[in-house]
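Below is one structure; the comments refer to it alone.
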Amino acid sequence: MIPVTEFRQFSEQQPAFRVLKPWWDVFTDYLSVAMLMIGVFGCTLQVMQDKIICLPKRVQPAQNHSSLSNVSQTVINTTPLPPPKPSPTNPATVEMKGLKTDLDLQQYSFINQMCYERALHWYAKYFPYLVLIHTLVFMLCSNFWFKFPGSSSKIEHFISILGKCFDSPWTTRALSEVSGEDSEEKDNRKNNMNRSNTIQSGPEGSLVKSQSLKSIPEKFVVDKSTAGALDKKEGEQAKALFEKVKKFRLHVEEGDILYAMYVRQTVLKVIKFLIIIAYNSALVSKVQFTVDCNVDIQDMTGYKNFSCNHTMAHLFSKLSFCYLCFVSIYGLTCLYTLYWLFYRSLREYSFEYVRQETGIDDIPDVKNDFAFMLHMIDQYDPLYSKRFAVFLSEVSENKLKQLNLNNEWTPDKLRQKLQTNAHNRLELPLIMLSGLPDTVFEITELQSLKLEIIKNVMIPATIAQLDNLQELSLHQCSVKIHSAALSFLKENLKVLSVKFDDMRELPPWMYGLRNLEELYLVGSLSHDISKNVTLESLRDLKSLKILSIKSNVSKIPQAVVDVSSHLQKMCIHNDGTKLVMLNNLKKMTNLTELELVHCDLERIPHAVFSLLSLQELDLKENNLKSIEEIVSFQHLRKLTVLKLWYNSIAYIPEHIKKLTSLERLFFSHNKVEVLPSHLFLCNKIRYLDLSYNDIRFIPPEIGVLQSLQYFSITCNKVESLPDELYFCKKLKTLKIGKNSLSVLSPKIGNLLFLSYLDIKGNHFEVLPPELGDCRALKRAGLVVEDALFETLPSDVREQMKAD
């Protein structure tokens, strides 16, 4: 016989595919095996046994009905006539007599073959082969989607990920956290779920899509001691699983090839079932035990009419009825499958019950082939979907990232990154991490925390452990904060720096930091809430003293006006956007420092002259060409620092002499050609920067500046320095590089406090040895060509090189 196992290749699939075989597919597989056995058994009998046995019919005209009946019975049954009674004279001898046909074995074989081909109905001949073929087609249809490249690749990928998610220690840990919930909460959740199920009746809603999930037990009995332990390797594996699930979901949700293929193969099986039932029911009666055969072979055998016996007719008849029963059950199962496919919304899958039972509220619903495979999984075991859902949750992913972060960033490793920032605070910078490690809050000596390009940061209540924390920097970070952490920051935070690209990166909780003293904002702001980020009122920042905004505003935001009464320093860096409305400046009566940088200003704003408390004004990188309004600065008695650098100012008006309180003046990177002697009537100037202009002459009145400590005319066109410059005995820094100087006066030795001298880029041929009298000047503070330095006496050179 042919073993059934030879046909397993038609239905063979990977053992892991069983999770995508619902009960009806398993049931039809068993039915297919039964039908396959019928076909194989019938084919084996057909091959190994005689198909038909025929005897010739002899027509005798003069016989009564009795004798004809005897002859017919003899021919049909191929049994000899009863022997004649033995002669009494010879009782020991018995002679067997019957109807002689005068046919040999070859002729009988020929007759059997001819009658099998001509007289026997085709259904009786090919019944076992038809059963075998139909069954193999059923098997191919049932398993085609497991073999087709376009679908099998998705299925294999899905099952691979599913198995890893099911066995992942992170899944056990995530679900074990749910099992520890308060029993009252779980009872309330269950009651709410039952009520929602009662209300939702009639057509299936979104919850009914995953109705099989209701059979999942609400609690998992997990040993928390084992569930809580997750080493670094397991954490990395779980992290990789999250990425795989994300990519797989994006790939599979794009199409519905799996659903379409499963529907088509089911429809094909139903059509085939109807065809089989139709023609088998009509032809099963053609399987007869006795067959009359009329073939024209009289010239070869001497007979034309034959009576044949289909030896397997009785068995085939029973097998055909049995086969029809199996096919009927198979077909009804396929009809139920079609009902399930079209009645249920299988292109959408809701995790509503999983969200309710696990408390993980952000598990998304899925669609298309992803949803269909999950529906199929639920028919196998709903627990697979529940454990798989853990890897669809961003909350779960964030918890895992947090755990991995804590394992990677230990307190000792974080302490190695500590540094002192510009505010002389001990700062910890963290850049481009997946989150904020909990171990940060174990570094109690931390004074400043700087976070850059970190998404979904959650500041926990444990930040209260950082007793010394005063400064927080958030650069392109979306931050959420625990209520207890917010209370801590309200009391302790002094400095907040925020760099943002969109509204999500501008923390809404910053408006309530009542003890905040310094606020630095960098990002695009707009007065139109529909276009960009808007700044809300800062009125609750009662302690705010310094406000810096680097943005593109066209006027001073109203939020700034809300803190004008106590604001002491305001900086606006406008990135070239023209600042046109400055009337709100008049309300900032306590302002001591004002920076309007890169605001495309063409004139000094008149509102500035109302700031009687102003001490420092910076108008860097504007479009100032004339500063005639500088005369109004005489009313600003406290103004000590004026920065007009990086503009297009061509001359300095004589009115500058009225700024008698001026101590620091920045005029670099302009187009000044002539220095007015009246400038040096501001005799309190300690810092004077005139570098990068077109100045050719330094007035001798510079000697009046007896408080001058810093003087720079780098990159001008000065050809000589007045001797009066060396009367400025307090001068510490002198920058005269990149000019047209040819001689350095020996009087430079009068500058006893000189510690920095830049003379590089001139036409000097020799340096005066009097430089040795500048005891504070060392080689590191002398910027000069090496060849020119060698012109100094050796003792002077050694003196400068000495520490």
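Using N, Cα and C of the backbone, Cβ positions are placed for all residues, glycine too.
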Position flagged as phosphoserine [Swiss-Prot], chosen from S212, S285, S720: S212
Where Swiss-Prot places N-linked glycosylation site when the choices are N64, N77, N532: N64
Swiss-Prot annotation, phosphoserine - which of S151, S210, S215: S215
Result, the transmembrane segment (267-287) in contact with the transmembrane segment (23-43) (3+ CB pairs under 8 Å): no
Cβ-Cβ under 8 Å with the repeat 'LRR 2' (421-443): same-chain residues at least 6 beyond its ends: 398, 401-402, 404-406, 408-411, 414-415, 449-460, 462-463, 465-466, 468, 470-471, 495
For the transmembrane segment (126-146), sequence-distant contacts whose Cβ falls under 8 Å of one of its Cβ atoms, 6 or more beyond its ends: 7, 10-14, 17, 25, 28-29, 32, 35-36, 38-43, 45-46, 152, 155, 258, 261-262, 265-266, 268-269, 272, 276, 287, 316, 319-320, 323, 327, 330
Contact set, same chain, for the repeat 'LRR 10' (613-635): CB under 8 Å, 6 or more residues outside the stretch: 571, 589-604, 606, 641-650, 652-653, 655-656, 658-659, 666
Long-range Cβ neighbours of the repeat 'LRR 15' (730-751) (under 8 Å; 6 or more residues past either end): 691, 706-721, 723, 757-765, 767-774, 776, 783
Cβ-Cβ under 8 Å with the repeat 'LRR 11' (637-659): same-chain residues at least 6 beyond its ends: 592, 612-628, 630-631, 665-676, 678-679, 681-682, 684, 689
